[in-house]
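Enquirer: TrEMBL lists 2-158 with the feature domain 'FAD/NAD(P)-binding'. As annotated by TrEMBL, FAD binding site applies to ALA11, GLU32, LEU40, VAL76, TRP361, GLY368, VAL369, ILE370. The annotation NADP(+) binding site is assigned in TrEMBL to HIS147, GLY148, ASN149, VAL150, ARG191, ARG192, GLU203, GLY368.
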Amino acid sequence: PRVCVVGSGPAGFYTAQHILKHHGGALVDIYEKLPVPFGLVRFGVAPDHPEVKNVINTFTQTARSERCAYYGNVTVGRDVTVPELQRAYHAVVLSYGAEDNRVLGIPGENLPGVYSARAFVGWYNGVPENRDLQPDLSCETALILGHGNVALDIARILLSPLQLLRKTDITDSSLAALACSKVKRVWLVGRRGPLQVAFTIKELREMINLPGARAVLDPADFTGLESTVKDAPRPRKRLTELMIKTALEKPVEMQAAAGAAAPREWGLKFQRSPLEVLPSADGTRARGVRMALTRLEGSGDSAKAIPTGDVEELECGLVLSSIGYRSVPLDPAVPFDSQRGVIPNSSGRVEGVPGLYCSGWVKRGPTGVIITTMNDSFDTAQALLEDLQGGVLDTSPSREGFGLVESILRSRGVRPVSFSDWEKIDAAEVARGKAAGKPREKIVDPAEMLRVIGH
């Protein structure tokens, strides 16, 4: 059986890995729109979390299998359609993730100084389409809307001492911009309360221990929570206890030498929902956010934030919206639930389209960490293998696989990038990084990537 996987992030690679491991004859081709593989492992994981990127070693083993091939620089839906892939392969798995972000839907969100978390993370992580973002870091206060790990990542990058970032694979241009940054205070704002935050304890602890930055948590936000949380699941309990402990600790008197700049600080604000980004007097940029104060109805993860009618304004010159990523439809031939932003499926089998599957964020929505995506992708791969075994997928007509796709791509002037091409780009990045004392210096321009491999 010939299988093709669209998208080379964790979902795509884990799906391919499971199929190759549990079917001794299957051939898997992975298509990726960028010349470089690994999706959010390369472009989403924070530069100061190199250990999370170790899965790249596993993915590289998969890509080097003689039954696996990688074709980068191919945009499915434009360079080749899904129906064309269905004619070339016995099964097609869509694992292309979530390449858009949810919008706030409030006045002023398009003002200069307002960015999506997705674009900001893409900027410091070297996503080609975000390389020219040039965020304005000339203000003292930044406000991040959202209480997830991505929000904490951004706060940490904004407040980290430069010498910590210099040793990471953060892009050169963002490092230069952060070196001139005036930001010294970051507020992370959420619609709900401390018991509904989505970040995890490891990320929170890292933020609390960040050198040169102090946590500002209001003890009043945590009144009575110790008793509420004692029967909560252990991760939630430990996370809440850490926030309470941090809120109650007396700030260490900073032995700031006379004239030394005040330290940086960050804090969590709860039960506030953005109503409007406020423009500066001349209307040219953001100067703050008007918030609705909320009260919670219900409890636990299902609690809803209801506006109380009271509002407050928070001053800031930088607004980052970290309220989630969003998948987009890829091809008119593929059913898509635009309400939920997923491909309608059951166990990864796309509804009403035999032989078509999906895994990862486009299957279940943009939540969870790499391990969640791994399990989810194994489930989809398992469904596909069961369909092969049960004769649901007809493998009697032989399919040409890449042979057919190659002629389609050639007729459209598209030249795919192989995995060994990627390894040349990889080597060039590592060499550039070495010169600067970093693990790598990412190439952020696709045209330059192609020049490196002589395309």
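Cβ atoms are placed via backbone N, Cα and C, with glycine included.
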Enquirer: If I take every residue in the domain 'FAD/NAD(P)-binding' (2-158) and average their pLDDT values, what number comes out?
Expert: 97
Enquirer: Do you know which of the binding-site residues ALA11, LEU40, VAL76, VAL369, ILE370 has the most other C-beta atoms within 10 angstroms of its C-beta?
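Expert: Comparing the binding-site residues ALA11, LEU40, VAL76, VAL369, ILE370, the most crowded Cβ belongs to ALA11.
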Enquirer: I need the CA-to-CA distance for ILE370 (FAD binding site) versus ASN149 (NADP(+) binding site), whole Å please.
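Expert: Given the Cα positions, ILE370 (FAD binding site) is 13 Å from ASN149 (NADP(+) binding site).
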Enquirer: Which of the binding-site residues ALA11, GLU32, LEU40, TRP361, VAL369 has its Cα nearest to the Cα of GLY148 (NADP(+) binding site)?
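Expert: With Cα distances computed to GLY148 (NADP(+) binding site), the winner among ALA11, GLU32, LEU40, TRP361, VAL369 is VAL369.
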Enquirer: Ten-angstrom check, please: count other Cβ atoms within 10 Å of the Cβ of HIS147 (NADP(+) binding site), all chains counted.
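Expert: HIS147 (NADP(+) binding site) is surrounded by 24 other Cβ atoms within 10 Å.
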Enquirer: Quick one: pull the CA-CA distance for GLU32 (FAD binding site) versus ARG192 (NADP(+) binding site), whole Å only.
Expert: 37
Enquirer: Counting every protein chain present, what is the number of Cβ atoms, excluding its own, within 10 Å of the Cβ of ARG191 (NADP(+) binding site)?
Expert: 23
Enquirer: Return the single residue from the binding-site residues list (GLY148, GLY368) that has the minimum number of other CB atoms within 10 Å.
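Expert: Among the binding-site residues GLY148, GLY368, the lowest count of other Cβ atoms within 10 Å belongs to GLY368.
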Enquirer: Taking the Cβ of GLU32 (FAD binding site) as the centre, count every other Cβ atom within 10 Å, in any protein chain shown.
Expert: 26
Enquirer: Would you count the other CB atoms within 10 A of the CB of ASN149 (NADP(+) binding site), including those on all shown protein chains?
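Expert: Looking across every protein chain shown, the total is 19.
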Enquirer: Rounded to a whole angstrom, what is the C-alpha distance between VAL150 (NADP(+) binding site) and VAL76 (FAD binding site)?
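Expert: Taking the Cα atoms only, VAL150 (NADP(+) binding site) lies 28 Å from VAL76 (FAD binding site).
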Enquirer: Can you check which residues sit near GLU203 (NADP(+) binding site), meaning Cβ under 8 Å from its Cβ, same chain, 6 or more apart in sequence, and list them in order?
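Expert: Correct list: ASN149, LEU152, ASP153.
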Enquirer: Taking the Cβ of ARG192 (NADP(+) binding site) as reference, which residues of that chain separated by at least 6 in sequence fall under 8 Å from it?
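Expert: Those within reach of ARG192 (NADP(+) binding site), by Cβ under 8 Å and sequence separation of 6 or more, are HIS147, PHE270, GLN271, THR294, LEU296, ALA303, ALA305.
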